[in-house]
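Annotated features in TrEMBL:
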- Asp54, Asp93, Glu124: Mg(2+) binding site (BINDING)
- Asp54, Ser55, Asp93, Lys122: 3-methyl-2-oxobutanoate binding site (BINDING)
- Glu191: active site, proton acceptor (ACT_SITE)
Amino acid sequence: MNTNTDTGRQSPVTAPDIQARKGVDDKICCITAYDYPSAMIADSAGVDIVLVGDSLAMVVLGHRDTLSVTVDEMVHHTLAASRGVSRALLVADMPFMSYGTVERAMETAHSLMGRGRARAVKLEGGTAVVPQIRALTEAGIPVMGHVGLTPQHVARFGGFKAQGKSVEAARALIDDAQAVEEAGAFCVVLEAMPVECAQLITEAVDIPTIGIGAGSVTDGQILVYHDVLGLFDRFVPKFVRRYADLGEASRQALVQYCEDVRRGRFPGDKNTLYMPEDQVAQVRKLKVKKKK
Ligand code: KIV
């Protein structure tokens with residue numbers, strides 16, 4: 001953890017800081033966030049990377065998959081999240097079909113970093129996106145790779161299915177991760193694959209691997225904010241550990257609120273504004289007529 005020796009405050013985490021943590025005991029801790037409060041809570045909890053994931057399509061916007069989120073929506077949420085982050089590295093996802101060519105990738109990264117204030121971008125894919133990763137990194141843009149179950153390819157996979165389950169499939173994923181590294185990515189997400197496959201990839205690259213559903217062998221872990229806190233109930237992947245049930249806690253709180261309103265118990269004295277005493281006597285004398 002970097003600390004500024006003059007102020008004693010923790011310095012912002014950078015992409016090179018993350019890259020330098022390959023193989024160290026202290027694992028890299030990442031979480032998604034999509035707005036000011038979630039990013040602020042994640043940052044103050046001490047995470048190293050806040051990812052504005054395109055999973056926002058599902059957990060925030062209610063879509064069935066990640067395919068319909070747009071660059072403008074990602075920019076909107078990234079900018080909101082940027083206001084809540086002071087230490088963590090803020091990474092934004094490049095949405096589906098926004099990096100099909102090198103030119104499109106450059107434009108999208110420009111929007112996410114220039115308008116959204118992200119400090120790095122993430123894109124999905126292996127050997128197929130090498131030209132895009134190379135061009136972005138050569139332009140000074142830190143890139144996080146993402147291989148394995150890449151949700152933007154859900155139609156080709158036939159659903160949200162684990163990848164790398166055979167020797168050939170594992171070999172292809174190792175090639176993908178190495179291609180992403182060679183193209184210049186500073187770290188790579190490994191999603192939904194057997195731990196044996198994640199282990200091989202982690203040993204085969206010199207950049208940190210960040211796992212989600214890839215066992216404990218990776219250099220770091222990432223989960224979706226709403227899964228960790230129990231705010232998304234459509235489905236919970238097996239690899240998620242729920243640390244709180246804020247969805248149910250919020251529902252209970254709102255049931256209580258409705259009851260208090262309906263029975264006249266809210267607002268109470270403490271939630272009510274009163275006039276200064278010298279005004280009260282006079283205001284009572286005001287004659288107010290209904291307008292017809
Ligand atoms: O969109 C997302 O949230 C992600 C992470 C889960 C890695 O890509």
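The backbone N, Cα and C atoms fix where each Cβ goes, glycine too.
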Exercise. Taking the centroid of the Cβ atoms of Asp54, Asp93, Glu124 as the Mg(2+) site, which other residues of that chain lie with their Cβ within 8 Å of it, listed in sequence order?
Worked result: Gly53, Ser55, Thr66, Met94, Pro95, Phe96, Lys122, Leu123, His146, Pro151, Gln152
Seminar exercise, completed: Cβ contacts within 10 Å for Glu124 (Mg(2+) binding site), all chains included, total 24
For this session: Would you kindly give the Cα-Cα distance separating Lys122 (3-methyl-2-oxobutanoate binding site) and Asp93 (Mg(2+) binding site), rounded to the nearest Å?
Result: 5
Exercise. Using DSSP and three states only, what is Glu191 (active site, proton acceptor)?
Worked result: strand
For this session: Taking the Cβ of Asp54 (Mg(2+) binding site) as the centre, count every other Cβ atom within 10 Å, in any protein chain shown.
Result: 28
